[in-house]
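Novice: Once you've had a glance at the structure underneath, I'll fire off some questions.
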Amino acid sequence: MLKEGSSLDLSASSSSGTLRSDNSFGNSPLDRITSLLILIYKSIRACFKWIYSKSFGIICILFVILDVLTTVFFKRFIDHTKNYVMFTIQVIIFTFWIIVCCIAILCFLFNREYMKRHFNVRPLVFLGFLDMLSTGLSANGSAHTSGLMLVLLGQISVPLTMVSCKLILSKKYHHYQYISSAIILTFAVLKPILNRTDTTDNRFYNNMLYLLASVPDSIASALREKQYTSKFFHVVKYQFFGFLFHFFYNILYTLLFTLPFNSVKGYFDSLYKLCVNGYKCIFFGVNTITENCGPTLIPTCDNCLEAFKIYCLYILFSSAIRVAYVFIMLDGSVTFTLLLGTVKVPLTSIAFSLRFIAGDSTTSFNLLDVVCFLGIVAGLLLYALGSKKIQEETDLLESPLIDDAESEHELLSTGTEKLMRSEICHDLFT
């Protein structure tokens, strides 16, 4: 029997004291703050893990939103500078080229190994020519085409791109995808056919120019997918040389576009006025053409007051959508990107009805846009089902009929059976 004050009692009392001191430390303010910070860190880490797991879907949603904003602000920018469309396009291309140059310099300073990677520039020569045709036609067409009509006419790119990918890339499509393309086009055209109350400036000639721009754009999209899926793809060099060729080709297009004049002097005068007055319009908001002009006349009156602010916002949204486009192309396809962009048809209509977004380019919105939206979503779902069917058929063709282990076992059993039969026959005839 132990006495009081023995070593065991002392050790027990000391351990209980230690336990009490540990509990008191666990409830200290500093420990609570540490636990709170750890909890916040784990929550943020879990959120980032969830975002990373859903990154493709999030990028697709951002792509649609940015696509809507880019379309709206492009139309607003053209509306404010419609008398200087070709100079406006040159300013946009040159701005993006400067941004890519800055990115290239940073990559050269901090990631030289990436910049040393080989990249074939030759395909971009033809791509730049196609981009020049597409940009020039769409820019001149959009000058007198309403914002919503731009989006609806642009949906012809979906079947044209599918045809281009089939001819150039030999891509296979499921019949569901062809049906979905027809559904999307039907609901895209439903809006302008049934709703003729749009009072914005729409000229048939400009509508046709914008429609024709889809032909070179669809061919360029198919060739661009070939570039993106190449193992030698270099995103920085691709953007650098792409904008460079596009810029010089667009100068050629501008020179050809301003040719129909009576004299050489008039030709160079028109080029001078295009550049100087366009520069004043975009960067200083100066209206040059204010007399003998009107909405139904050629030229229209200048409206350059907010051109520079709209230009900055357009560059911001367009830069962001290019980044999202790269990520989607690396994990998807150009046809999926186009079909994803068709969701913007009703969403753009909503955006054009909101004055704080569309500004002077505001148009009316009605319930027909909801019908178009549901129809386009149905087409997208059918396209996704067709993509799944194609993927299942591809996996079925690529997978072996018999697993390696099973085939090896079957060969072994067959060989053993043949050996046993030969031994039996040998025993019978000897």
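Cβ coordinates are placed from backbone N, Cα and C, and glycine is handled just like the others.
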Novice: Are S146 and S361, as annotated in Swiss-Prot, on matching sides of the membrane?
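Specialist: S361 and S146, as annotated in Swiss-Prot, occupy the same side of the membrane (identical topological domain).
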Novice: In Swiss-Prot, C304 is paired in a disulfide bond with which of C281, C293, C301, C312?
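Specialist: So the cysteine paired with C304 in Swiss-Prot is C281.
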Novice: Where does Swiss-Prot put N-linked glycosylation site, among N140, N195?
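Specialist: Matching N140, N195 against Swiss-Prot annotations yields N195.
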Novice: Quick one: find which recorded stretch in 54-74, 123-143, 148-168, 240-260 has the most Cβ pairs under 8 Å with the transmembrane segment (89-109).
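Specialist: Per the Cβ count, the answer is 240-260.
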Novice: For C301 (disulfide bond), what is the secondary structure state per DSSP, taken as helix, strand or coil?
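Specialist: Looking at the DSSP assignment, C301 (disulfide bond) belongs to neither helix nor strand, so coil.
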Novice: For C304 (disulfide bond) and C293 (disulfide bond), what Cα-Cα distance in Å is obtained after rounding to a whole number?
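Specialist: Cα-Cα distance, C304 (disulfide bond) to C293 (disulfide bond): 15 Å.
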Novice: Do we see three or more Cβ pairs under 8 Å linking the transmembrane segment (207-223) and the transmembrane segment (54-74), pairs being at least 6 apart in sequence?
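Specialist: They are not in contact.
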Novice: Measure from the Cβ of C281 (disulfide bond) and count the other Cβ atoms within 10 Å, all protein chains considered.
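Specialist: Cβ-Cβ neighbours of C281 (disulfide bond) within 10 Å number 26.
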